[in-house]
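*Asks:* One structure follows; several queries about it will come next.
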Amino acid sequence: VLSADDKANVKAAWGKLGGHGAEYGAEALGRMFCSFPTTKTYFPHFDVSHGSAQVKGHGAKVADALTTAAGHLDDLPGALSALSDLHAHKLRVDPVNFKLLSHCLLVTLAAHHPAEFTPAVHASLDKFLASVSTVLTSKYR
């Protein structure tokens with residue numbers, strides 16, 4: 001459960017992304033594909049090479065979904081319901097992959113915003129991404 005401090009940290013951190021969300025989303029996906037090659041199996045129709053239009057496009061979708069989540073911290077299940085249905089019933093993504101992408105997102109954010117990436121912000125963003133992952137996998141049962 002996100003505390004009031006966590007929510008404030010997430011909103012502040014997300015606000016500092018500016019117009020870089022899609023860029024960071026694509027970078028995190030690229031990191032995931034490179035570091036965890038088995039994740040590529042969910043994207044057989046993608047050119048998963050660095051900087052491809054498909055990776056950039058999906059990175060933008062990831063960033064948009066997380067921006068939506070950051071704006072609805074008190075109702076993540078409601079805000080992400082359609083996305084949860086998609087991943088559970090149509091895409092059938094192995095839940096562990098959300099943890100892998102979350103890790104890559106944290107690395108990407110830390111690399112771009114080292115001064116703002118304090119231990120408290122790191123912990124809050126980690127809890128936020130874990131909460132999003134839990135919501136996205138909640139309909140797998």
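Counting starts with 1 at the first residue shown.
Glycine residues also receive a Cβ, built from the backbone N, Cα and C atoms like all the rest.
Under the heading O2 binding site, Swiss-Prot lists His58. Annotation source Swiss-Prot lists heme b binding site at His87. Marked as domain 'Globin' by Swiss-Prot: 1-141. Look at Swiss-Prot and you will find Ser3, Ser35, Ser49, Ser102, Ser124, Ser131, Ser138 tagged as phosphoserine. What Swiss-Prot lists as N6-succinyllysine is Lys7, Lys11, Lys16, Lys40, and the listing cites similarity to another entry. Residues annotated as N6-acetyllysine in Swiss-Prot: Lys16. Annotated phosphotyrosine per Swiss-Prot: Tyr24, in sequence order, evidence recorded as similarity to another entry. The annotation phosphothreonine is assigned in Swiss-Prot to Thr108, Thr134, Thr137.
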*Asks:* Taking DSSP states H, G and I as helix and E and B as strand, how many residues of the domain 'Globin' (1-141) are helix, strand and coil?
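*Replies:* Helix/strand/coil tally for the domain 'Globin' (1-141): 104 helix, 0 strand, 37 coil.
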*Asks:* Can you tell me which of the modified residues Tyr24, Ser35, Thr108, Ser131 is spatially closest to the residue listed as 'heme b binding site'? Compare CA atoms only.
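*Replies:* Nearest by Cα distance to the residue listed as 'heme b binding site': Ser131.
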*Asks:* When you tally the Cβ atoms that lie within 10 Å of each candidate's Cβ, which of the modified residues (Thr108, Ser138) has the highest tally?
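*Replies:* The residue with the densest Cβ neighbourhood is Thr108.
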*Asks:* What recorded positions among Lys11, Lys40, Ser49, His58 are found with a C-alpha within 10 angstroms of that of Ser3 (phosphoserine)?
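*Replies:* Correct set: empty; none qualify.
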*Asks:* Within 10 Å of Ser124 (phosphoserine), Cα to Cα, which of the modified residues Lys7, Tyr24, Ser35, Ser49 are there?
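*Replies:* Within 10 Å of Ser124 (phosphoserine): Lys7.
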*Asks:* Given the modified residues Lys7, Lys16, Lys40, Ser49, Thr137, which one's Cα is the least distant from that of Tyr24 (phosphotyrosine)?
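*Replies:* Given the candidates Lys7, Lys16, Lys40, Ser49, Thr137, the nearest one is Lys16.
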*Asks:* Are there any residues in the same chain, six or more apart in sequence, whose C-beta is under 8 angstroms from the C-beta of Ser49 (phosphoserine), and if so which?
*Replies:* Val55
*Asks:* Looking at the recorded positions Lys7, Lys16, His58, Thr137, Ser138, which has the shortest Cα distance to Ser35 (phosphoserine)?
*Replies:* His58
*Asks:* Average the pLDDT scores across the domain 'Globin' (1-141) and report the rounded value.
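*Replies:* Mean per-residue confidence for the domain 'Globin' (1-141): 94 out of 100.
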